[in-house]
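Database features, via TrEMBL:
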- 1-20: region 'Disordered' (REGION)
- Thr32: active site (ACT_SITE)
- Thr32: active site, O-isoaspartyl threonine intermediate (ACT_SITE)
- Ser79, Thr112, Asp113: substrate binding site (BINDING)
- Thr112: active site (ACT_SITE)
- 234-345: domain 'Asparaginase/glutaminase C-terminal' (DOMAIN)
Amino acid sequence: MNTSTSPSLPIPPGHSTAPPLPRIAVLATGGTIAGSAPDAANTSGYQAGVVGVDQLLAAVPALSAVARIAPEQIASVDSKDMAMPLWTTLGQRIDTLLATDDVDGVVVTHGTDTLEETAYLLHLTVKSDKPVVLTAAMRPASALSADGPLNLLNAVTVAAHAAARGQGVLVAFNNRIHSARDVVKTSTYAVDAFQSPEIGALGWVQDGRVEFQRGVVRAHTLASEFTLDAAWPQVEIVTSYAGVSRIAIDALVAAGVRGIVVAGTGNGSIHQSLQQALADAALRGVAVVRSSRVGSGHVMRNGAAADDALGFVSAGSLNPYKARVLLMLALAAGHTAPAALQKVFDTY
Ligand code: SIN
């Protein structure tokens with residue numbers, strides 16, 4: 001503590017006593033936020049991931065009042081083409097940056113299409129409690145009323161805010177702050193495309209103000225056992241629907257998949273022909289996880305299938321895409337028995 005009683009020195013012109021702004025790394029991966037169309041009225045026929053990170057930042061002069069930005073171009077992809085090697089590169093780069101005293105938080109710009117998968121993967125694997133915030137846009141950078149610049153400003157504002165620390169990976173989109181575990185894309189075109197069904201957003205960000213209205217309960221980041229250094233096991237998703245056959249399941253088992261997530265109807269119920277095929281797969285050591293195609297709610301263990309007898313695992317409230325992320329990490333970490341996998345799904 002400074003106990004000096006000497007009179008304070010005059011502040012030279014051009015100098016400030018304000019604490020330095022937080023240092024935020026902005027890692028760009030592509031997406032519509034970095035998209036460009038032939039004309040400003042075009043919001044659907046554009047190329048994603050073509051505008052570089054420096055140009056994205058230059059469109060938001062207000063950032064200089066919020067944080068000291070360190071930009072990096074990690075990739076320039078349409079996120080429909082997101083692949084596991086890029087997940088590994090991104091996650092490892094975030095860990096490296098956050099392990100230094102030079103970076104206080106990270107913002108990732110991403111496509112909206114698979115943002116929820118990347119966000120949940122990072123939520124389970126980043127080894128830091130410093131803020132990591134993903135953002136994106138529904139309209140390309142070239143569009144009238146492009147939503148990317150404000151989303152980027154808000155994401156940096158959240159990442160620079162002390163209250164974002166320890167909340168796991170966050171998604172800042174259309175003024176709302178979502179947990180990576182809960183958030184899903186719910187519209188093909190609207191600028192409020194991201195929602196957290198059932199439980200809602202964690203909080204909001206507007207005009208430089210950040211407010212959290214609830215916390216994150218399930219284990220994440222520093223409390224998560226998962227890492228990105230193992231090989232990715234093959235896990236696929238199948239859907240149950242009227243008249244579905246067992247052809248896809250049998251083909252996946254023959255191809256040697258380690259796990260199958262089924263997007264069931266309702267409470268994770270599965271057409272009888274698919275259920276028999278999945279039970280056969282489970283007997284052969286394939287991990288089978290029951291999720292739901294409904295889009296909100298949860299899947300009760302033994303609720304719509306006799307999980308104990310069939311060797312199935314319930315995904316709880318994770319949608320099929322997030323359940324696949326967790327199943328890959330769990331299998332890579334050596335959890336293979338249904339009981340061990342159920343514990344993983346009950347924890348994360
Ligand atoms: C993408 O996901 O990269 C394209 C679509 C989008 O960002 O909205």
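Using the three backbone atoms N, Cα and C, a Cβ is placed for every residue, glycine included.
Since this is a predicted model, take the numbers as computed values, not measurements.
Listed in chain order, the extra residues whose Cβ falls within 8 Å of the Cβ center of the substrate site residues Ser79, Thr112, Asp113 are Gly31, Thr32, Ala48, Asp78, Lys80, Met82, His110, Gly111, Thr114, Leu115, Ala136, Lys185. Across the structure, Asp113 (substrate binding site) and Thr32 (active site) place their CA atoms 9 angstrom apart. You'll find the Cα of Ser79 (substrate binding site) roughly 9 Å from the Cα of Thr32 (active site). Within the set Ser79, Thr112, Asp113 that the record links to substrate, no two Cα atoms are more than 7 Å apart, and one pair reaches that distance. Put simply, Thr112 (substrate binding site) is 7 Å from Thr32 (active site) when counted between their Cα atoms.
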